[in-house]
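Written below as structure tokens is the structure these notes are about.
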Amino acid sequence: MHATKEINRAVGMPFLVASNGGLKRALSTRHLVTFAIFGVAFGYIIPSNTTLLRLGPLSVLLGYVISGTVLYAFLVSLGEMISLLPVIGGPIHLAQRFVDPAFGFMLGWTWWYVWTISFASALVSAPSLVFFWDPVTPWAWITIAWFIAFAINMFGVKTFGEAQFSVGMLRLIFAFILIIVGLVIDLGGAPNHDRIGFRYWKDRPPVIEYAGSSIGIGRLASIWINITQTLLAFTLSEITAITAPEVKNPQQSIPFVIKRVYPALFFFYLIGIFISTLINPPVIFLNSSSPLIIAYVFHSPFIDVIDLANLTSSISASVAGLRGLPSVINAVFIMVQLSTMSLNLYMASRDLHAMGCLGFAPRIFGNTLKNGTPHAAVIFTSLFGAFAYMAITARSASAFSWIVLTTSAPSYLILVGILVTYLRFYSGTKAQSLTRENFPMFSRLQPYAAWYALVLSLLVAIFFEFPFLLNSPWDTVTFVTTYLAFPSMLVLYAGAKFWFRAPFVRAKDMDFITGTEGFKGDDDLEALRMNDIDKK
């Protein structure tokens, strides 16, 4: 069931897909809210305890806030495009429409690589989480997690959406509980009755000098590291765009989620992060026999503090019921990680399906089942989950860590590519005298918000690893794997440019019509649509 393909020779497009490529519009607003929960909170329920200990509480807060402003600027840019044009492939489709086909090709394959490797990386966490309770055979739990993520994606987008909704709501409730528990502990309500207050902020510098850096520069390096890590976690918010062709009413749902839900969740989790900085001591001493040593892989301040409270007064903790809470937290971790695995597979497979429809990948990937599942894309992408087995042995684990490292820079560069697409989109609206105020989503911050997010994302992509490289012995392998994305993406672009031989899309030739059939809000756009029909 291939999507309808129209050749637009006027602007050199390989294909402009008017339909949704056989996908089913089965997701509602509540499902998008769930995806927003993952997009904003990806690094919150499992926050970095190591970061708190090494860089300081204020660094964590500033990193989250600054990255949050970039996230919002990015989302209002993406939302304006995708709510007007909820087409398959989202940013990949729009990149070839508003920049040129080679740009869409480059962005599409980079996106697929990042989320495919992220899927394999998420599978690696399965043995560690289960090992919290009892030693297990790693390959067995990787296989089980792999099968669950694959099955969720093959049962159709409705099943996928409901699974994500269930875990998302659980995650939101659980985050609220952690905030309350953290506040109670901080105010002295734990079994040890130790009132912490702001003691741990006073026992260490709010911004700790990054190791090996000079005074002043070291503090900036600490804040910079937090910005890069948090922004990397926020890249999951791109799912808002890739789900657009499977949302029932994207012109209303997407603006609501971006303008209302994302900011509310951001401030909610900001409170949680602030409380985690209050209750996390400068040094964590865990009993070597504690099962939480295994959970320390995920470095959660909440888990550590709860465990410390239990070790301090085991009898009182048992009465209070806190001794079982770490196991409950770990069970939630497992559900969240399984959900993240299926989400990564969804992102990669939908991208591959879109490229199959757009002519950027073999056409077989554009096929779908009756339930709307792009089965060929899901099956092919899921095969790369086998990379997770590399993490089992020490020798191959190093190679796998290098592979994972190659996805960092591309993640930032995808943000850059989407923002470049928006600025071209913005130029097109000006050139064609379209009234943006009448679009489903509109922001008066544009184009300044897009430029702000673009510049900071590009700086992060270039310099995100510099603090580590400058304060460590030179490692050629690490440097190459870190910055391999730059020449790789240039090669992809140059090769696609040669293959498609399509010029840059001029602002006056940009297509704002195909894919807007469900939108009737802009008289200027409607006039363009009628003129296009007359020309045909």
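Placed from the backbone N, Cα and C atoms, the Cβ positions cover glycine too.
As annotated by TrEMBL, domain 'Amino acid permease/ SLC12A' applies to 35-504.
The transmembrane segment annotation in TrEMBL covers 32-49 (among others).
Taken from TrEMBL, the feature transmembrane segment covers 61-88 (among others). Packing against the transmembrane segment (61-88) from elsewhere in the chain are residues 3, 17, 19-21, 23, 39-40, 94, 97, 207, 223, 225-227, 229-231, 234, 237-238, 240-241, 244-245, 247, 250-251, 254-255, 258-259, 262-263, 266, 269-270, 273-274, 277, 350, 353-354, 357-358, 415, 418-419, 421-422, 425, 436, 439-443, 445-446, 449-450, 452-453, 456-457, 512, 514-516, 518-519: each is 6 or more residues past its ends and has a CB under 8 Å from a CB in it.
Residues or ranges marked as transmembrane segment in TrEMBL: 109-133 (among others).
Sequence-distant contacts of the transmembrane segment (139-157) (same chain, six or more residues past either end, CB-CB distance under 8 Å): 23-24, 26-27, 119, 123-124, 126-127, 130, 163, 246, 337-338, 341-342, 344-346, 349, 369, 371-373, 375, 378, 382, 385, 388-389, 392. The transmembrane segment annotation in TrEMBL covers 139-157 (among others).
What TrEMBL records for 169-190 (among others) is transmembrane segment.
The feature transmembrane segment is assigned by TrEMBL to 261-279 (among others).
The transmembrane segment annotation in TrEMBL covers 328-346 (among others).
Long-range contacts of the transmembrane segment (376-394) within its own chain (CB-CB distance under 8 A, at least 6 residues past either end) are made by residues 112, 116-117, 119-121, 123-124, 138-139, 142, 146, 149-150, 153-154, 345, 348-350, 352-353, 356, 364-365, 367, 400-401, 403. Look at TrEMBL and you will find 376-394 (among others) tagged as transmembrane segment.
The transmembrane segment annotation in TrEMBL covers 400-427 (among others).
Under the heading transmembrane segment, TrEMBL lists 448-470 (among others). Nonlocal intrachain contacts for the transmembrane segment (448-470), taken as residues 6+ away from its ends with a CB within less than 8 angstroms of a stretch CB, comprise 69-70, 72-74, 76-77, 210, 212-213, 221, 224-225, 227-228, 231-232, 408-409, 412-413, 415-416, 419-420, 422-423, 426, 478-479, 482-483.
Taken from TrEMBL, the feature transmembrane segment covers 476-500 (among others).
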Against which stretches of its own chain does the transmembrane segment (476-500) lie, if we need a Cβ under 8 Å and a gap of at least six residues from its ends?
12, 14, 100-103, 105-106, 109-110, 360, 402-403, 405-406, 408-410, 413, 465, 469
